[in-house]
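For reference, TrEMBL has these:
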type     : residues                                 : note
BINDING  : 17-23, 45-47, R311, 337-339, 419-421     : GTP binding site
ACT_SITE : D18                                      : active site, proton acceptor
BINDING  : D18, G45                                 : Mg(2+) binding site
ACT_SITE : H46                                      : active site, proton donor
BINDING  : A305, T306, T307, G308, R309, P310, R311 : substrate binding site
Amino acid sequence: MFDGDVRGLVVVGSQWGDEGKGKIVDVLARDADWIARYQGGANAGHTVRVGEDEFILHQIPSGILYAGKRCVLGNGMVLDPAGLFDELDGLMERGYEDAEERIYVSSRAQLVLPIHKLLDRAEEESRGADRIGTTGRGIGAAYTDKVARVGIRVGDLAAPDRLKEQIDAAAERARKRLQLLGSDLEVDGERLFDETMSGAERLLAMSTDVGAVLKRALDRDERVLLEGAQGTMLDVDHGTYPYVTSSNTTAGAAATGVGLGPTDVDAVLGVVKAYTTRVGAGPLPTELPEEEAARLRELGAEYGATTGRPRRTGWFDAAVVRYAGRINGLTALAVSKLDVLDGLPEVKLGVGYRLGGERLDEFPADLTTLCEMEPIYEAMPGWQASTAEARRVADLPAAARAYLDRIAELTGRPIRYISVGTRRKQIIDVEA
Ligand code: GDP
Ligand code: IMO
Ligand code: MG
């Protein structure tokens, strides 16, 4: 994807998360100099396989597993310092000794404090049957504080006296909120301050103005890959609200989330699975009945990389990806997990929706409509052959090629990459 003049590339999830972004970013990171996360936090779980080793990255960009690549945690993220240190220590123990030297953290990034996780839990409990099924990582509460202009940022760790006041105020707000929610969880302000300060030196040593760093890199003609977390349908504006995460996950947020400008982005690659999954509650139009869903779940090993929850599964929803194409301005698609469909007698594609006899032209915003509309399916023959060894489009069975062609046609976006397994070499670059 770093062809010609492409220097700034966004890789964005174009369904409900877990599309295989980690695998695709890892493959593309070989040609990048910088890999940056622009939103989200430890709610993400990006799986990368290197040889026989598997890594699940939550806050660190998936480029870290290549020697010499530099990784950025952008201002758009909500950072959990303890989690970040655990992740770094784990990488260093597994042979990536210089990982910490290659990490650049935005001094403008927001901190996730232990109170945010308590609030996440209490908010979910108070919703009862309407719970979102969050990852419990404090994401919503941390972004709430950011937008309310009371958040604590990485750079604030450099001024302990002011930080003490900020933390005391945050503890007081959390106490009141927990009480309102009817929770008996307790907040210890002193402990909160000590815990926050305990990681301060280490985090500050990694922190900088990452926008300035990345802009200088682009001016030197270096390549910057902006790695999205979650997916388009979990975007707080464009997703299946309110069953979404609390950030803009889409490509428009990429530049803002690292301190670059929109004109620094030259291309946008949308990652999609060859079928659909979702973890957590909320509408999933092409969801299969449990018996069939379970078959796809087992074939695709669809269990959450962050929480281990079983993922809900369904057929590929071309209407969703067509929508994601517009919202993200997708240049091309990367289709992952094609191999999971190997051997099915028939594959189906959602091509649009119907509600009360009428066809819907655009992906609806309204929750009631989202829950009531019915997908319209098209069936295609499956392929009774393995795709795992395919390295060129011509190696794929004819029925698999027809399926991919139909995806490109229905979504209006060209397919650039096809992933046929977890290994680095299990990738087809259509233009190679
Ligand atoms: P992400 O959050 O978008 O990075 O995706 P996850 O890592 O949460 O989930 C994707 C899962 O599918 C991981 O277990 C990957 O190892 C796996 N995976 C990625 N690409 C492929 C592929 O082409 N084929 C198969 N079989 N598995 C894949
Ligand atoms: P990656 O980057 C899949 C889902 C949660 C829940 C909703 C809100 O691995 O694709 P949150 O904790 O963010 O407040 O939860 O969003 N969710 C994800 N689903 N992949 C993710 O990340 C997700 N991050 C959050 O399950 O439904
Ligand atoms: Mg994931």
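From the backbone N, Cα and C atoms, a Cβ is placed for every residue, glycine too.
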Reduced DSSP assignment, L338 (GTP binding site): helix
Fewest Cβ neighbours within 10 Å, where candidates are the binding-site residues G20, G45: G45
The residue listed as 'active site, proton acceptor' versus R311 (substrate binding site) - Cα distance in angstrom: 9
Rounded distance in angstrom between the Cα atoms of K23 (GTP binding site) and R309 (substrate binding site): 20
Other CB atoms, at most 10 A from the CB of T47 (GTP binding site): 18
Close-lying binding-site residues around ligand 2 among G45, T307, L338, where CB distance stays under 6 Å: G45
Three-state secondary structure, which DSSP defines for G45 (Mg(2+) binding site): coil
Contacting recorded positions for ligand 3, chosen from D18, G20, T307, G308, L338 when the Cβ sits under 6 angstroms of any of its atoms: D18
Nearest recorded site to R309 (substrate binding site) by CA-CA distance, among binding-site residues G20, G45, T47, L338: G45
Binding-site residues near ligand 1 among G45, T306, T307 (Cβ under 6 Å): G45
Shell of the substrate site beyond A305, T306, T307, G308, R309, P310, R311, same chain only (C-beta within 8 angstroms of their C-beta centre): G45, V279, Y303, G304
Least buried by Cβ count (within 10 Å) of the binding-site residues K23, R311: R311
Rounded distance in angstrom between the Cα atoms of G17 (GTP binding site) and P310 (substrate binding site): 14
Secondary-structure category, per DSSP, in which K23 (GTP binding site) falls: helix
Neighbour-count leader, CB within 10 A, binding-site residues: G17, G308, P310: G17
